[in-house]
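Per TrEMBL, these features apply:
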DOMAIN    43-101  domain 'Chromo'
DOMAIN    185-243  domain 'Pre-SET'
BINDING   Cys187, Cys189, Cys192, Cys197  Zn(2+) 1 binding site
BINDING   Cys187, Cys198, Cys225, Cys229  Zn(2+) 2 binding site
BINDING   Cys192, Cys225, Cys231, Cys235  Zn(2+) 3 binding site
BINDING   Arg257, Gly258, Trp259, Asn326, His327, Tyr368, Lys396  S-adenosyl-L-methionine binding site
BINDING   Cys329, Cys395, Cys397, Cys402  Zn(2+) 4 binding site
DOMAIN    391-407  domain 'Post-SET'
Amino acid sequence: MEGWRGAWYVPCLASLETLQELCRKENLRCKSIGITNRSLKSYEVEYLCDYKVEEGKAYYLVKWKGWPESSNTWEPRKHLNCPLLVQNFLRDKNEYLSRVREGKALKVRKHVKTLKPAIADYIVKKAKQRIALQRWKEELNRKKNHKAMILVENTVDLEGPPLDFYYINEYKPAPGINVLNGITTGCECADCPAEKCCPKEAGFILAYNKRKKLKIQPGLPIYECNSYCRCGPDCLNRIVQKGTPYSLCIFRTNNGRGWGVKTLQKIKTNSFVMEYVGEVITSEEAERRGQLYDNQGNTYLFDLDYDSDEFTVDAARYGNVSHFVNHSCDPNLQVFNVFIDNLDLRLPRIALFSTRTIKAGEELTFDYQMKGSIDLTSDSAEGLSPSKKRIRTVCKCGAVCCRGYLN
């Protein structure tokens, strides 16, 4: 456009391989994404699509990385230097057969000459899912602001990454809501906690012991040192603000609860595990969205009701790992209200702490009805206002003490 002097940049949603495929399909060069005269003739196996035997030789149908599917070719096994991809191919084939035969012992013929189209189709879908989940894992780890790793795992079905979820590290306020408000000073402690440290100034005790484990009861607030305090990053009273210290795995559950989260490390009792973040919206907007979520069978709204019912956190579209944590009527995580750089009692940060020792590999859960130390059981639902009475969502937590419903 003549006279245009600025530039408007938007993020590209296509993967590098997709862009490379488009360039190769149109015979275009683009140095910035690695398509040059030399690379136009480079080939790397992305995944294996099919299998056949001809004249006693085994062939695999190869999808080449950065090339469109129309460029797939049949290659003899001896030409392929990708043992992991061959292993994935065979595992996916056996997994499909196992599911079709409902877990019965496999009787695979030794001299299979071709695969049935349904098997080949499943293998391709599984390969694409594996690539999509790997890209999602890399994206999550790029966006997180803590040191611990986030892994992704699905050995249950063909579900890929959620399409309308955006990872954030802190509250995303709706227009007109200020989540950083009123803090202008901090403690002068050389060694927290001192006589006038942040918790004592607020009228409460320090929340952590010398081992940096929680020592207060549910329902009491946590006041951590803030960005104006003199103490350094190793201060005893800086825990939640550092982010989760544990490597976690977002995994697909096998009992219809969708995605869940498990810890990859042992977590001791009363340890900080993660923060619950999302969009901060008004309670009126939360009521409107809640009707929609209940119809979908989803629960992502968390009322910030420490001091009032004015605001709610909605983690449906914007959130962190806590978005995927499932409910349990017998949870291993407990909710606490935290104040750091914002002392507005209407807008506490929500932190999840362990209620007991949690083994490596164990799923993390919290009670969706948990409000500080108050437990809204199904029996107390009759006392809720008409605006709070919505469609009941059946609970699948499997706990002995299960109340039967999420809300």
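Along the chain as shown, residues are numbered 1 onward.
Cβ coordinates are placed from backbone N, Cα and C, and glycine is handled just like the others.
Mapped onto this structure are the features recorded in TrEMBL.
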residue: Cys189; record: Zn(2+) 1 binding site; Cβ neighbours (10 Å): 19
residue: Cys198; record: Zn(2+) 2 binding site; Cβ neighbours (10 Å): 28
residue: Cys225; record: Zn(2+) 2 binding site; Cβ neighbours (10 Å): 25
residue: Arg257; record: S-adenosyl-L-methionine binding site; Cβ neighbours (10 Å): 17
residue: Gly258; record: S-adenosyl-L-methionine binding site; Cβ neighbours (10 Å): 14
residue: Asn326; record: S-adenosyl-L-methionine binding site; Cβ neighbours (10 Å): 21
residue: Cys395; record: Zn(2+) 4 binding site; Cβ neighbours (10 Å): 20
residue: Lys396; record: S-adenosyl-L-methionine binding site; Cβ neighbours (10 Å): 15
residue: Cys397; record: Zn(2+) 4 binding site; Cβ neighbours (10 Å): 20
residue: Cys402; record: Zn(2+) 4 binding site; Cβ neighbours (10 Å): 14
- Would you list, in sequence order, the binding-site residues among Cys198, Cys231, Cys235, Gly258, Cys395 whose CA lies within 10 Å of the CA of Cys192 (Zn(2+) 1 binding site)? Cys198, Cys231, Cys235
- Query: So how many other Cβ atoms are close to Cys192 (Zn(2+) 1 binding site), meaning within 10 Å of its Cβ?
  - Reply: 21
- Rounded Cα distance, in Å, between Asn326 (S-adenosyl-L-methionine binding site) and Cys397 (Zn(2+) 4 binding site) is 8
- Query: Between Arg257 (S-adenosyl-L-methionine binding site) and Cys235 (Zn(2+) 3 binding site), what is the CA-CA distance rounded to a whole number of Å?
  - Reply: 39
- Same-chain residues near the domain 'Post-SET' (391-407), Cβ under 8 Å, at least 6 residues beyond its ends: 255-257, 294-295, 297, 299, 326-330, 365, 368-369, 377-378, 381
- Work out how many Å separate Trp259 (S-adenosyl-L-methionine binding site) and Cys187 (Zn(2+) 1 binding site) at their Cα atoms, rounded off. 41
- Query: Among the binding-site residues listed here (Cys197, Gly258, Cys397), which has the Cα closest to the Cα of Cys235 (Zn(2+) 3 binding site)?
  - Reply: Cys197
- Item | Environment of Cys187, Cys198, Cys225, Cys229, the listed Zn(2+) 2 site - residues of the same chain whose CB lies within 8 A of the CB centroid | Gly186, Cys189, Cys192, Cys197, Glu224, Asn226, Tyr228, Arg230, Cys231, Cys235, Asn237
- Query: Nearest to Gly258 (S-adenosyl-L-methionine binding site) in three-dimensional space, by Cα, is which of the binding-site residues Cys189, Cys197, Cys402?
  - Reply: Cys402
- Task: Please compare the binding-site residues Cys197, Cys229 by how many other CB atoms fall within 10 Å of each one's CB, and tell me which has the fewest.
- Result: Cys229
- Message: Show me the subset of Cys197, Cys231, Tyr368 whose Cα is within 10 Å of Cys225 (Zn(2+) 2 binding site); these are the binding-site residues I mean.
- Response: Cys197, Cys231
- On the domain 'Chromo' (43-101), the mean of the pLDDT values is 92
- Measure the Cβ-based neighbour count of Cys187 (Zn(2+) 1 binding site), defined as the other Cβ atoms within 10 Å of its Cβ. 23
